[in-house]
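*Asks:* Got a structure here, written out as structure tokens. Questions coming.
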């Protein structure tokens, strides 16, 4: 059957397609190598899955290892994308095109099935910049300058070719190499994630509000005034995102903790500039000035790439050429996308992008807000630079004025009246809403994908919501994301509106485009009383979204502990699994939710449940920095020798993820130090492969067999010599390693 992705692709993209077969659990690529005789058989390159290292709404990324037949790479990351019709097909065809254009040296090839697209990409074991900065609690300014120089080169390459990135953030900056304390070295980073990159001027019907990650989004992308922003040029927004990213690199925090504080900063013409945290970390005046130039609220006054490259803070790091924005360093752009593991530690992989319009705030965003209000190194400075307003409060403030001219009455201004109806609904101006409806403006008139009812509910306006319903607004109408009024109210609105909608007969089981119901949204949110009401009204507690998640699973990932407790009290199935085989307990383990993990165990959750990769909660938490989660599971009797589908134990995963405290604890608890995975690798071999000298030392101190061999004949010494890690070679030789 022909693949959905295989139609009308450009010749250059087709050149990267891999001829592919399956052999059991192996993926096999057939190659006609130019350096082989004409009648020689095709080279068969076999790859085997190691583990899942990232996932999102439509995709999953797995780490694979080359079993035989490879020539250049021994590991790769494969992004598996479910194609669900034209939208995802076009999106990922576009991503393929951007990768080929800007990062062809990192794309290893692609292949497809009738329902999935597979992108094989270079694997970055060093991870992403977000995780590195979090681990080191901010970087020195000189390191930040090196990184900024490379990022500007990458952005310049895209902008010069007529593309904008549209999602620059630390999670999308992948580390190829970085300085080590015991060796000389410099930074080498790659800008990844072309999932929403866009050629300037293409598809003008897409609004800027649908792109980017909220904490890094420029203020013009939030539709903060009465005229919707529609632009085909996102390059100015890229520079804002770069400024926020630099701020994070230097301080381990973001300057604006919510979209509301970004909006208010813009409303106040960029004042007060959040310099307190920069000064707290000793950032120079030039460094602060550079950030300030990128964070100018008015796009037209913001630095562009050429201006940024010519700034005194960074200029000296570029080659002696005009900073026109045309020079490029192709090696600073990567075809890879990054994601965080359980607590923000990178897996060098990918997740789907959360947009303002479609999903709740992610765990990563929550962590950054928490970090911003608690600087890690010293006592917290003045909180004056950290806004805590909600999006609704900040945005509603914009609409406190009055109309400066009469309502339009002729047909030529119908669109203007529709816009005014939405403005009135947004502000809760009941008299204006009534006047416009009486003039004949339809209560069902959509404006940029939202009905007036959606707009009124979004801003918590009870009386305008009531009036719209009385005037015939369709209570089951869905917005651009498939959300009904009830679903939106369950997440964002006040309790009275939710009660009103239920009284008016809203369908309690309606689902949005992701398959989420009102109950699921309430489980996600901080509105505990909304969850109680929906349960009282008989909402299906076991309903699942498109990836198989229930309300219980969503409550497990939310910040509201009471939501999880209530759902358990109401009999939610504690062992229900999503499409990846994860139970609520496994989700709690993955996202490092200690209190929720504890509660689920108290309620009898199966501590040995496994996901589709065979990972137990214990194996998952070993990759996390939340040491107390590992202690809790061990105290509750979790099997310390349980293995996933690749044969890896918790000890091996701790060695792989460089979680040294977890490694120590597992060794103290008697974990089998010589256990082997399906490739014959021990924890010591895995630590040596990752060049983790401290983990190697810990394992050797506990008596690990220094000469243990994998099924491929490699030893720890083999890996240390391949990576030219002379210090590790010396340590291994002192412990009796043999060549």
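Placed from the backbone N, Cα and C atoms, the Cβ positions cover glycine too.
What TrEMBL says about a protein is an automatic prediction, not a curated fact.
From TrEMBL, for reference:
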- 47-314: domain 'Protein kinase' (DOMAIN)
- 320-386: region 'Disordered' (REGION)
- 328-337: compositional bias 'Low complexity' (COMPBIAS)
- 347-365: compositional bias 'Polar residues' (COMPBIAS)
- 375-385: compositional bias 'Polar residues' (COMPBIAS)
- 448-480: repeat 'ANK' (REPEAT)
- 481-513: repeat 'ANK' (REPEAT)
- 514-546: repeat 'ANK' (REPEAT)
- 547-579: repeat 'ANK' (REPEAT)
- 580-612: repeat 'ANK' (REPEAT)
- 613-645: repeat 'ANK' (REPEAT)
- 646-678: repeat 'ANK' (REPEAT)
- 679-711: repeat 'ANK' (REPEAT)
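Could you give the neighbours, burial and distances for every feature on this list?
*Replies:* Averaged across the domain 'Protein kinase' (47-314), the predicted model reaches a pLDDT of 77.
Shown for the repeat 'ANK' (448-480): DSSP residue counts in helix, strand and coil, namely 16 helix, 1 strand, 16 coil.
Long-range contacts of the repeat 'ANK' (514-546) within the same chain, counting only residues at least 6 positions beyond its ends with a Cβ under 8 Å from a Cβ of the stretch, are 57, 358-360, 481-482, 484, 486-493, 495, 498-499, 502, 508, 552, 554-555, 557-560, 562-563, 566-567, 570-573, 576, 578.
Sorting each residue of the repeat 'ANK' (547-579) by its DSSP state yields 16 helix, 0 strand, 17 coil.
Long-range contacts of the repeat 'ANK' (580-612) within its own chain (CB-CB distance under 8 A, at least 6 residues past either end) are made by residues 52, 55, 60, 341-343, 363, 547-548, 552-553, 556-557, 561, 564-565, 568, 574, 618, 620-621, 624-626, 628-629, 632-633, 636-639, 642, 644.
Beyond its flanks by at least six residues, the repeat 'ANK' (613-645) meets 51-52, 341-343, 345, 580-581, 585-586, 588-590, 592, 594, 597-598, 601, 607, 651, 653-654, 656-657, 659, 661-662, 665-666, 669-672, 675, 677 of its own chain at Cβ-Cβ distances under 8 Å.
Note: the repeat 'ANK' (679-711) comprises 16 helix, 0 strand, 17 coil (DSSP; helix = H, G, I, strand = E, B).
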*Asks:* Please indicate, using numbers and ranges, the residues of the same chain that are 6 or more beyond the repeat 'ANK' (481-513) and have a C-beta under 8 Å from a C-beta there.
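*Replies:* Sequence-remote neighbours of the repeat 'ANK' (481-513) are 357-358, 360, 392, 449, 451, 453-454, 457-458, 460, 462, 465-466, 469, 475, 519, 521-522, 524-525, 527, 529-530, 533-534, 537-540, 543, 545.
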*Asks:* Run through the repeat 'ANK' (580-612) and tell me, per DSSP, how many residues are helix, strand and coil.
*Replies:* 16 helix, 0 strand, 17 coil
